[in-house]
Amino acid sequence: MLTQKTKDIVKATAPVLAEHGYDIIKCFYQRMFEAHPELKNVFNMAHQEQGQQQQALARAVYAYAENIEDPNSLMAVLKNIANKHASLGVKPEQYPIVGEHLLAAIKEVLGNAATDDIISAWAQAYGNLADVLMGMESELYERSAEQPGGWKGWRTFVIREKRPESDVITSFILEPADGGPVVNFEPGQYTSVAIDVPALGLQQIRQYSLSDMPNGRSYRISVKREGGGPQPPGYVSNLLHDHVNVGDQVKLAAPYGSFHIDVDAKTPIVLISGGVGLTPMVSMLKVALQAPPRQVVFVHGARNSAVHAMRDRLREAAKTYENLDLFVFYDQPLPEDVQGRDYDYPGLVDVKQIEKSILLPDADYYICGPIPFMRMQHDALKNLGIHEARIHYEVFGPDLFAE
């Protein structure tokens, strides 16, 4: 239990840490990776190169300090972090390593301003946070391992099918190499794929949404090829596209994630996705359309038909199920793309154009896609009067959503 003095010191020094946050976290990662290079196998090194992980962690540290009087206000955030950590296989013995180098980085960057009292207060605050997360992660690990088909840590899977879904998205059907069943999951959850990346000389781990409904035998992930932009190409995603084939093996974590629908609810859901963000939505959609059926609105944005994954199956579902309304936006339609057949509206997803169709009593709204897309849709829903508690979103990698 933190003393009031400790809380006061942490709150008082939060603005200073925010001012120097990026430098502190950059120093922290340098120190930690030099002392423990094996942790490079856990952290996303692409995000390290781009500085995204540093920004996200600096912001998280500041948010924790700002809310230290009422940590329950951060419970949703901590739940997301715990699920991510569980999917990475984070171990309790790694927390003291992080704490040691974080405190050393604060001392190094702030110099004499980081007094013994300040370092002691932050050590206690970090220890308290670590205890909360370790408890949550232990519960997640045990819950997964106890379920039929469940496991803890990594399990070897075999690629049984590799299916192109568009010019940039490919689906992989994975079955356990041991021939056993797989644990069911909540529609919207993800698995982690661990694979050796020769270009880095490291194992790297990435999260991918499970893009089909649970069947107890296999999982499907749908992976976008990365590249062509200002950021480095996706190490793992492109490796899966170019070098992983049917019969090859990869390691998977059990499903985790707090972004999922309530399968027992009967209230409407509105799914809003951009690009490869449709992958968790497809799982949600399939389950929601089962008995008891519930009203579903699926809104998707893509550049055009060439990169619109699963479009024919979604159109067919919209024709088959009376409780499903589908709206597709293309912002760069091809000459052969026909409005009314391939897509419904030109331009970026604009929920204002379909306001009457998505403003449903007691509906929950789920958003997934690139971060700028999610910010835009979140703000648009808020402007339509949707309560924050009804809006749910998924971010893979560092959570830079709330800038």
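Our numbering is plain: 1 for the first residue shown, then up by one each step along the chain.
Glycine residues also receive a Cβ, built from the backbone N, Cα and C atoms like all the rest.
Feature annotations, reproduced from Swiss-Prot:
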- 1-138: domain 'Globin' (DOMAIN)
- Y29: site 'Involved in heme-bound ligand stabilization and O-O bond activation' (SITE)
- K84: site 'Influences the redox potential of the prosthetic heme and FAD groups' (SITE)
- H85: heme b binding site (BINDING)
- Y95: active site, charge relay system (ACT_SITE)
- E137: active site, charge relay system (ACT_SITE)
- 149-403: region 'Reductase' (REGION)
- 152-262: domain 'FAD-binding FR-type' (DOMAIN)
- Y190, R206, Q207, Y208, S209, V395, F396, G397, P398: FAD binding site (BINDING)
- G275, V276, G277, L278, T279, P280: NADP(+) binding site (BINDING)
- E394: site 'Influences the redox potential of the prosthetic heme and FAD groups' (SITE)
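In sequence order, P187, G188, Q189, Y190, S209, L210, S211, F259, H260, Y366, C368, E394 are the residues near P280 (NADP(+) binding site), counting only same-chain partners six or more apart with C-beta under 8 A. For the residue listed as 'heme b binding site', the same-chain residues 6+ apart in sequence whose C-beta sits under 8 angstroms from its C-beta are L133, E137. Sitting within 8 Å of the Cβ centre of G275, V276, G277, L278, T279, P280, and not among those site residues for NADP(+), are the Cβ atoms of S209, S222, K224, S273, G274, M281, A309, C368, G369. The distance from the Cα of K84 (site 'Influences the redox potential of the prosthetic heme and FAD groups') to the Cα of V276 (NADP(+) binding site) comes to 19 Å. Of all the binding-site residues listed here (Q207, S209, T279), the one with the fewest other CB atoms within 10 A of its own CB is Q207.
As a whole-number mean, the pLDDT of the domain 'Globin' (1-138) in this prediction is 88. Checked against Y95 (active site, charge relay system) by C-alpha proximity, the recorded positions Y29, Q207, G275, V276, G277 yield Y29 as the nearest. Cα-Cα distance from Q207 (FAD binding site) to L278 (NADP(+) binding site): 15 Å (rounded to the nearest whole number).
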